[in-house]
Amino acid sequence: MDTVNNYRVLEHKAAGHDGTLTDGDGLLIFKPAFPQELEFYKAIQVRDVSRRKSSADGDAPLCSWMPTYLGVLNEGAKIEQSGDAALLKIDERLSDSTDNLDSIPVKSEKSKQYLVLENLLYGFSKPNILDIKLGKTLYDSKASLEKRERMKRVSETTTSGSLGFRICGMKIQKNPSVLNQLSLEYYEEEADSDYIFINKLYGRSRTDQNVSDAIELYFNNPHLSDARKHQLKKTFLKRLQLFYNTMLEEEVRMISSSLLFIYEGDPERWELLNDVDKLMRDDFIDDDDDDDDNDDDDDDDAEGSSEGPKDKKTTGSLSSMSLIDFAHSEITPGKGYDENVIEGVETLLDIFMKF
């Protein structure tokens, strides 16, 4: 790998902060790091890494909904591996992807820190993305008075306050019937692309009465059959039910976190996978406990063997739902589940049950 040319702005994004980068293969993303988000990722992943896969009773640990955290990258420096043994094993498995990450191109004298995360879009051919921000309360105790007042107004005047969630943005394949439903202020057409970006103004303009129509719009893909669209909605309903159960067991507080919906809009990939979707994302890295029996396979890892990052184009999912954005999240032992998040998930469940 070269250095500068291997980092580019993340192409597909429905909302969020500017400055998110990806590597040349699109396997990883590099997201500007906030101290609280970094600590949350480390704490959750260290706690849950041994039970990342769904347990026998069907529950899923919180980390199974989150992008895999791989470490920290400083501008002008190589990846800084975690000292935690559980994470170190994952870091070592990714050596082929990270050993040559010499630096992120520096654009200012002040060095930045980046979270190194699994790219949730990796493996999708034509991803369609929906970002749903959870919660009625949109600020934490550290927010300034000005931000508190501003976020209160946003909550009070949008579905955040009434329903516990708000559509933050979408990036979907162009569809004439969708464009006919949208005012020009709500979307941008990308030049030389078959995508449109639906901005936050659209989400803020939705009401209790029409927000379900906005979610229907997300699934209104001109390249997929009605049967495939119906399958997607039912699969996301199952995910929401499972995620709801996860959050009832978690003692955390998450402000302005989002659910990221992704589905495949390329019918050829649907055919390649025989329309078979997976409820949960595959582990980013296979974690085989019998490593000692597979020492002879070490040389194959660099070529994408079963113990390296998977070829998700042929083995991955046709859709996924993930929890993202933890700059204002923390573990809160003894305080019970997060009602601020639970209320929004309950409303989403009601909507998807009616599809």
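Note: Cβ is positioned from N, Cα and C throughout, glycine not excepted.
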Listed residues S50, S55, S97, S160, with the one flagged phosphoserine by Swiss-Prot: S97
DSSP three-state assignment for E271 (Ca(2+) binding site): helix
Pairwise CA distance, I129 (substrate binding site) versus L120 (ATP binding site), rounded so that it is a whole Å: 11
DSSP state at N119 (ATP binding site), helix/strand/coil: coil
Per DSSP, three-state class assigned to D325 (ATP binding site): coil
Cβ atoms near N274 (Ca(2+) binding site) (within 10 Å, other residues, all chains): 6
